[in-house]
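Features reported for this protein in TrEMBL:
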TRANSMEM  6-30  transmembrane segment
TRANSMEM  42-67  transmembrane segment
TRANSMEM  79-100  transmembrane segment
TRANSMEM  112-136  transmembrane segment
TRANSMEM  156-176  transmembrane segment
TRANSMEM  196-213  transmembrane segment
TRANSMEM  219-239  transmembrane segment
TRANSMEM  246-267  transmembrane segment
TRANSMEM  282-303  transmembrane segment
Amino acid sequence: METTWLVALGLMLTGWSVLDGANLGLGMSLRRIGRSGPERRLLLTALGPFLLGGEVWLVASAGLLIGAFPALEKDLLTAYYPLIVGLVIAWVLRDIGVWFRSRRPSRSWQGGWESVVVAASTVMAFAWGLLLGNIVQGVPTTGRPGVETLVGPYSLLWGAVVVAVFTLHGAVFAALRLPRGRRVRAAGTVRKAGTAALALLAAVGVLTPAFSVDLARPLPAAIMGVAAVVAVTLTLRLFERGREGWACACTAVAAAAPLLAAGLASAPRLRAGLASADSLDLLATVVFPAIPVLIAVQAWMWWTFRHRVGPRSAVFF
């Protein structure tokens, strides 16, 4: 039973990492891929249909964490309060920037909100990586870890990994959604982010023993690390061949890998925070029927908006 609930939580967080990870990556790359106001407007049009849909998974994950893992939720919030608050604030600012950017034609107005989108997307991705890096090192059951752990070198490395992988994911997603003639704008970001991601993933693998991180299940975590490296390598090769769709599938694996590595490595510790059997039985009547509905709606949405955007595409924000 414990495994079932951990899988459900992992599925929801994986959905967020893959779907909103593309949005965050595109947000971080907004000014690099889009060199002018109209180009950035096109990028936001590409992101528009998927913004709220990606966020649904994070909201659902938070609800499941509170309902099914109350002790774990308490420990996470107590130990990592600054990181979680920073992530939520960045999330709100990212959305505000996307919503407000096109409300006025003024270039200074639009440029200001574009900067907010870039900064907030970067902070949100980095905070998520810091949180994963801390979880890998063990969630304390009492008190809060010191600053040297919360934002220590090992945690910072995880933050950098997530930023690089999400940037790669977002750039490939942009190339998939933009008109083919604009693909060249994303190509440079794909190459740079992919190279950085490979170097940082290798650094995590090498430095994990050096930082004496005691993984509860090191083998599954190592497998996910290898999967991430393979996925990024395949992404670069497929993208060079013009196979953006398959490249985006590979970056989806890479975007999910840090979360899955942290979760698999820490699974035995995370089980301790599970709610009572009666609470889980009641929660199951809502959660398990809702998951296939969420997946079906997301699949329909991605199929409906699978085409490349253009001047006549619907603008959501």
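Each residue, glycine too, has its Cβ placed from N, Cα and C.
Just so you know, TrEMBL annotations are computer predictions that nobody has curated.
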Sequence-remote partners of the transmembrane segment (282-303) [C-beta within less than 8 Å, at least six residues beyond its ends]: 8, 11-12, 15, 19, 49-50, 53, 56-57, 60, 64, 67-68, 275
Spatial neighbours of the transmembrane segment (156-176) far in sequence, C-beta under 8 Å, 6+ residues away: 18, 21-29, 33, 43, 46, 122, 125-130, 132-133, 136, 183, 185-187, 189-190, 193-194, 196-197, 200-201, 203-204, 207, 228, 232, 235, 239, 244-245, 247-248, 251-252, 254-255, 257-258, 308
Sequence-distant contacts of the transmembrane segment (112-136), meaning Cβ under 8 Å and at least 6 residues beyond its ends, amount to 21, 23-28, 30-31, 40, 76, 79-80, 83-84, 86-87, 90-91, 93-94, 96-98, 100-101, 145, 149-151, 154-163, 166-167, 213, 215, 221, 258-259, 261-262, 265-266
State the residues, same chain only, that lie 6 or more residues beyond the ends of the transmembrane segment (6-30) and have a CB under 8 A from a CB inside it; answer 'none' if no residue qualifies. 40, 43-44, 46-47, 50-51, 53-55, 57-58, 60-61, 64-65, 68-69, 94, 98, 114, 117-118, 120-122, 124-125, 163, 165-171, 173-174, 186, 189, 193, 248, 251-252, 255-256, 258-260, 263, 267, 270-271, 287-288, 291, 294-295, 298
Contact set, same chain, for the transmembrane segment (219-239): CB under 8 Å, 6 or more residues outside the stretch: 136, 165, 168, 172, 175, 187, 190-191, 194, 197-198, 201-202, 204-205, 246-247, 250-251, 253-254, 257-258, 260-262, 264-265
Counting only residues at least 6 beyond its ends, the same-chain positions whose CB falls under 8 A of a CB in the transmembrane segment (196-213) are 136-137, 153-154, 157-158, 160-161, 164-165, 167-168, 222, 225, 228-229, 232-233, 254
